[in-house]
């Protein structure tokens, strides 16, 4: 029965899936109506921070017609202490400064930072009300920056930097990294360029097939205050999908006061390490360095092996012997056609009409395999195959022996490093007070959103859940819907994936009661409760006492039983014999005991039969007459002992 119900559930779910696929056209019309209603509500809704982009076409207001999955968006608000946060949902760049300078050491035509920026919604999987910063130009220099609420000081608190990037048109060659600009007196955001001092550079970068995720910090030497870039090791995972899938990805950098760091993409760790050990070049230089004034002596012998000077070439060594020779044992196959060429002119070929023999030369038909050779072992001149020459040894060389004058591989001597220092706290970097984007890209439409700088990972996670998490949900839902629209049979897969486990769970956890159990329960007599059983036992005991008294009176008045008659006869015989023996008395006692037991058992059997009859009468009343066989009582008969 369980198997039958299982197939029934599968059939039902299949029919449901087909009906959903057939009704897809109606659903699309309903979705269009719902989207119109959503547009009306959005016009009147008061969503915090929601504005339309300046210069946006009127037809682009509201919900995208291609987006079937709608959500309610609210501008995220950081909960906790932050140094900087930006959502761009107000549609303006009031707190941002576009650079007006020029790039040094470049031609005037390309030196200007004249790349365009705009605040827009995503092109795909857009969330109504959510906007971001978009790089709009290609093959141009872009620079834009904003001041923090207050400078970040590398002391006792961690640093968490997080923002979103979407390569909406893919990426050929360009970057999407940010720079944390150092807190210096001469910092001018209008003059922000590639030479502006920064403390940390972090974010994705790609050119060709080299996919990078930068984490670079500038370390200041405690000896001479020189700044040197330190590059973290490459990520442990393949980053290609983050640049090609056209989805919004979340990039997070975490620096801790214990000099550890971690890089996350979409809240999954892709790289971690230590500022002391996992950067190139290392923070602390070596104590010793090679002496730059040292040079290798002219007679220094670095050869570990040399040709044996005493070796002599053997007399029978033939350096001129060829590596391959003709097989002397080869025999020409029978039927070989020596007079037939391997290729012949194509008899079906004709000279082109425009062939000019003066210009093109004499025309010749193309060569084709000789059809006569198809049935023969071969055609043309037969040559035996070649084999390896067993006498071939090649050019003779003397064997190598250990060099008795070997001095080892030369290396310059070591001296103390004059620039050596030891910095055990590289986390204490130069403070910064601005964040900026200084980029050059061959691809436009790079989307940035939801910047946050804080000291608490929990604050950044909460911020990501209210912003990036919503975009991820919309993208996933739209991806499933679009796939089902292109391949309607996927609706069956979706429904079976969700419905089949539910149906099977219901089937096996709450199965239908079998008919056998039902019949069995109908046949069984009803079982009384505990209190009723106690009352019935008391009544049965009283009835048994009454019946026992009646049976005793009846036996007193009735004729003697066969056992009593036998006993009287034996007594008479014993009296005639003139006396009772001890054995006869014992037998009489045993017979009396047997008679007493028989009477007790008779009483108990009668009481039991009465109980069974009463129970069966109740069962007949409650079970609507089970059968004549159940109405008759079962009586036990005792076989009297000899």
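Every residue gets a Cβ built from N, Cα and C, even glycine.
Automated prediction, rather than curation, is the source of TrEMBL annotations.
As recorded in TrEMBL, the features of this protein are as follows:
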| type | residues | note |
| --- | --- | --- |
| COMPBIAS | 42-57 | compositional bias 'Acidic residues' |
| COMPBIAS | 287-315 | compositional bias 'Basic and acidic residues' |
| COMPBIAS | 354-363 | compositional bias 'Acidic residues' |
| COMPBIAS | 520-529 | compositional bias 'Basic and acidic residues' |
| COMPBIAS | 530-547 | compositional bias 'Acidic residues' |
| COMPBIAS | 581-601 | compositional bias 'Acidic residues' |
| COMPBIAS | 613-631 | compositional bias 'Basic and acidic residues' |
| COMPBIAS | 632-642 | compositional bias 'Basic residues' |
| DISULFID | 173-207 | disulfide bond |
| REGION | 42-62 | region 'Disordered' |
| REGION | 276-369 | region 'Disordered' |
| REGION | 520-642 | region 'Disordered' |
| SIGNAL | 1-23 | signal peptide |
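Around residue 173 (disulfide bond), a 10 Å sphere centred on its CB holds 14 further CB atoms from the protein chains shown. Taking a C-beta cut-off of under 8 Å and a sequence gap of six or more, residue 207 (disulfide bond) has these contacts in its own chain: 173, 174.
With DSSP classes pooled into helix, strand and coil, the tally for the region 'Disordered' (276-369) is 4 helix, 18 strand, 72 coil.
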